[in-house]
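Only one structure is covered here, and it is reproduced in the block below.
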Amino acid sequence: MTPVMFPLVVGLVLAVPLTVDDVTVVELRATVNDMTPEQRVARAHERIDSLPEADLSRPVHVAREGADMLILVGDEFVFGLTGGDGFADEAALEAGSRAAANKLHDALALRVARARPDAILESVGLALIGTLLFALGLILLVRAWGLLSRRLVAVNVDMKRIAIGPLIRNALRRILFALLWALALLLGYLWLTFVLTRFSFTRGWGEALGANLLSLVIRAGRSFAGALPGLAMVAVVVVATRFLTRVFDAVFDAVERGRLTVRGLYPETLKATRRLVTVGTWLFAAIISWPYIPGSDTEAFKGMSVLLGLMLTVGSSGVVNQALSGFVLVYTRALSPGDWVKVGDVEGRVRELGVLSVKVLTPNNREVTIPNAVLVANPIANFDRGVDGDGASVSIVVTLGYDAPWRRIHELLLETARQVDVVREKPRPFVRQSALGNWFVEYELVAHIVENANVDDARSALHAKAQDVFAASELELMTPDVLDVRRHRS
């Protein structure tokens, strides 16, 4: 079978390779006796294909004819070479002719060897072995997929009471599936290349596949080698940033443990400040590293940057508003986890202070989520911030008539506070007369409760104990409604 020749451009001269059984013997460039290089190559193939099988094993030698060199198989002329075929002088022409003769000898010897029955059987055997190895590789990939799938079942990750294990499992499953398919396709490519190169009539296709794969590997290697300086710079930036964040973490840990005092850093803002500094440091590192990332100057990267910027601009206005409101809450220290607060109609203990919202646990054991922007726009009553370190304060109001001695009322209310377990001894509870009505006096008892005590439960306990104490003292608590009813009865 005569392969198709593709001319090569060398300078301004077309070079046509003479290939015999996938072995490039020589490249012809000159036009001789009105025969173009393509015609000379075709004529050489005709002469080679017309050689008897017995002549294929005869020696190939070189003969001179004037200024040209002749290549002969035995006594049969095959093709000739001239100085116009790219040889600078006679010495170069002679050396090139001998090299072409040696290559032609090797190609003819290979043709003879492939034509032997034992060579064909050997090629078939090697192809079968390659096929078995390919099948074994596919079986191993299938078993690896089954093993990894069973391992993925054990993945179980919870984040803020949200099970994200299934999401991670699905993502890993798809990534592994794609990788295994890529390996299977690569094995199939290698198997096809190996099998095609075992037989003379398909060797050209197999070698072309192998050359394409080799070219791809070489290009990838060159690209990787060219990207090494940029990757090294990115690695240096990452290592330096990691070291810097560890230094910042050490400073924040020292401040948190009280070994270091930094003006402007408070326990309530320490966690948020740590996050801001860490995120800001890594963002700065990303900006520095961006030009050194391979492919960062391509149109694909630029388009992706524009798309991400547009998505953030259009879709994140509400998120940014909530996040900024969260920073306002943190740095004004309006509330912190564990505080008992009241915002509008919602009253309870702060359970979580998040980036976008605050979770409050009400006395009815219901969790209410309040967006940060709502908290910033409304007054916040914090019952734990009255006196530093003294716990939340609660108050109850009772009314009695003017005939009841007010000093006695003060004593009974203070006794009420002493009999409630969650009321702290220090600071001491106190009583004040908050109003003088037409028919009664309004007394207010203010007390501080222990840490983490429920404000509503403490207020309820004070109300119940006040009724017991005043009933034991034979003093009746009055309200405007009760007083009005008694006046009408009398």
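Backbone N, Cα and C define each Cβ position, glycine as well.
Note that TrEMBL annotation is computational and uncurated.
The transmembrane segment annotation in TrEMBL covers 124-142 (among others).
What TrEMBL lists as transmembrane segment is 175-196 (among others).
Sequence annotations record features per position, and here TrEMBL assigns transmembrane segment to 216-240 (among others).
Per TrEMBL, transmembrane segment is recorded for 276-293 (among others).
The transmembrane segment annotation in TrEMBL covers 305-332 (among others).
Within the model, the domain 'Mechanosensitive ion channel MscS' (319-384) carries an average pLDDT of 80. If you look up TrEMBL, you'll see 319-384 marked as domain 'Mechanosensitive ion channel MscS'.
Within its own chain, the transmembrane segment (276-293) has Cβ neighbours under 8 Å at 229-231, 233-234, 237-238, 240-241, 244-245, 248-249, 252, 301, 327, counting only residues six or more beyond its boundaries. For the transmembrane segment (124-142), the list of distant contacts is 180, 183-184, 187-188, 190-191, 194-195, 198-199: same-chain residues at least six beyond its ends, Cβ to Cβ under 8 Å. Across the domain 'Mechanosensitive ion channel MscS' (319-384), the DSSP tally of helix, strand and coil residues reads 20 helix, 24 strand, 22 coil.
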